[in-house]
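Accompanying notes for the structure given below.
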Amino acid sequence: MLTPITGQERIASLDIIRGFALFGIFLVNFPSFHPADYPALMFSLDPGYTGLDRGIRLFYDMFVQTKFYTIFSFLFGLGFYIFMERAEKRGLSVYSLFTRRLLALLVFGLLHLIFFWYGDILHTYALAGFMLLLFYRRRNGIILAWAFGLLIFILSLTTLPLFFSDELYGSLQQEQQALGQQEIKKTMEIYEHASYLEWVAYRFSAEVSDILSNAPLTVASILPLFLFGLYAGRKEVFHEPAHHTRFIWVTWLGTLMISIPLVSMVFAVEYDIVSFGIAKLDAKRLFIQLSGLTLCFFYMSSLLLLMRNKLARTFLAPLGYTGRMALTNYLGQTIIALILMRGFGLFETFTLSIGLIICIAVYALQILFSFYWLRFFRFGPLEWIWRSITYGALQPIKIVDK
């Protein structure tokens with residue numbers, strides 16, 4: 001029988017980093033379960049936060065938004081290399097094995113996207129994963145060339161609105177705002193009065209179709225991080241971090257120095273210290289995206305350096321429990337958020353400060369749940385299903401006492 005990676009084969013630092021990223025993703029995702037979020041995002045509307053919520057939103061934009069899905073994406077590419085390398089050493093058919101793994105992930109993602117939430121990343125990861133297969137046997141130079149090339153292409157698209165004339169930008173903005181306000185009103189009515197099936201049908205026409213039509217561009221934006229992860233896997237930076245101390249320190253210092261001005265620009269644009277006129281939202285979005293790339297590597301290198309210290313390693317260890325059950329916890333966060341927003345009507349009184357408290361409380365409970373689950377089982381419940389599909393047979397899930 002084909003067998004998955006055992007507990008002894010796992011790289012603990014990756015589980016901790018994955019758990020850390022999962023919390024950051026939840027912080028960013030939770031407000032997006034509000035019914036007004038998708039129309040505001042699609043039509044570039046200013047959310048208009050004030051007081052404490054404006055400060056929290058600014059903190060998210062500076063230090064959280066785009067900083068954690070990038071980590072997750074990088075880890076996917078790294079995990080791809082580890083999976084393929086270990087399967088190859090066992091003489092397994094690595095391409096067919098990983099294809100089954102991606103197809104299962106695609107099904108998880110499409111179910112999540114269609115029936116629960118527009119922000120699903122799993123289907124995008126699966127689609128980008130098929131592209132990643134093309135690079136497994138490519139030279140490092142080709143991998144890095146494609147990674148940087150795609151990155152430059154995506155960032156170039158992000159900067160385009162900044163070069164529009166004020167007249168063109170202003171007319172587009174007015175049209176977008178009018179359409180966005182209409183869509184928000186319609187969405188709020190659906191949330192308040194529609195049945196679940198009516199809600200799903202509305203979401204499919206208003207959200208899911210847009211998401212799927214934009215999939216090629218989304219895949220192109222994620223693939224560079226997959227490729228960087230694949231490259232890091234080949235260099236075994238995370239396998240033996242003690243052998244790469246100098247590289248990790250250089251990465252830490254370099255990304256810190258680049259991140260400081262980029263993050264500062266997010267603050268400066270928000271408070272009009274640096275003015276981009278009517279293109280303010282697009283300018284802020286650009287600096288949020290750029291700082292996400294640099295802080296992603298700053299956060300990961302910081303964690304690798306911290307884990308060299310025994311006390312810090314003990315403090316960070318609980319993140320590894322949620323990291324080992326990332327799929328279960330990620331989808332669990334959606335269920336909890338929807339129950340609170342739609343089931344209990346939290347969207348009517350939602351604030352970012354309330355959302356922050358809820359995220360901390362829910363994630364703490366997920367750590368406890370993951371800890372106790374992993375005392376008795378080898379994998380999370382959804383991880384077990386995913387692995388069983390990947391290897392074509394039910395995997396033993398219970399931990400057997402020796």
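Every residue gets a Cβ built from N, Cα and C, even glycine.
Pulled from TrEMBL, these are the features on record:
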- 12-33: transmembrane segment (TRANSMEM)
- 62-83: transmembrane segment (TRANSMEM)
- 95-115: transmembrane segment (TRANSMEM)
- 121-136: transmembrane segment (TRANSMEM)
- 143-164: transmembrane segment (TRANSMEM)
- 211-233: transmembrane segment (TRANSMEM)
- 232-392: domain 'DUF418' (DOMAIN)
- 245-267: transmembrane segment (TRANSMEM)
- 287-306: transmembrane segment (TRANSMEM)
- 327-344: transmembrane segment (TRANSMEM)
- 350-374: transmembrane segment (TRANSMEM)
Selected stretch (most C-beta pairs under 8 A with the transmembrane segment (350-374)) from 62-83, 245-267, 327-344: 327-344
Any contact, the transmembrane segment (245-267) to the transmembrane segment (211-233), with at least 3 Cβ pairs under 8 A: no
Ranked first among 12-33, 62-83, 287-306 for CB pairs under 8 angstroms with the transmembrane segment (211-233): 62-83
Candidate ranges 12-33, 95-115, 143-164, 327-344 - greatest C-beta contact count to the transmembrane segment (287-306) (under 8 angstroms): 12-33
Outside the transmembrane segment (327-344), six or more residues from its ends: residues with CB under 8 Å to it: 22, 25-26, 29-30, 33-35, 108, 112, 116-117, 122, 191, 199, 350, 358, 362, 366, 370, 380-383, 386
Range from 12-33, 95-115, 121-136 with most C-beta pairs under 8 A to the transmembrane segment (62-83): 12-33
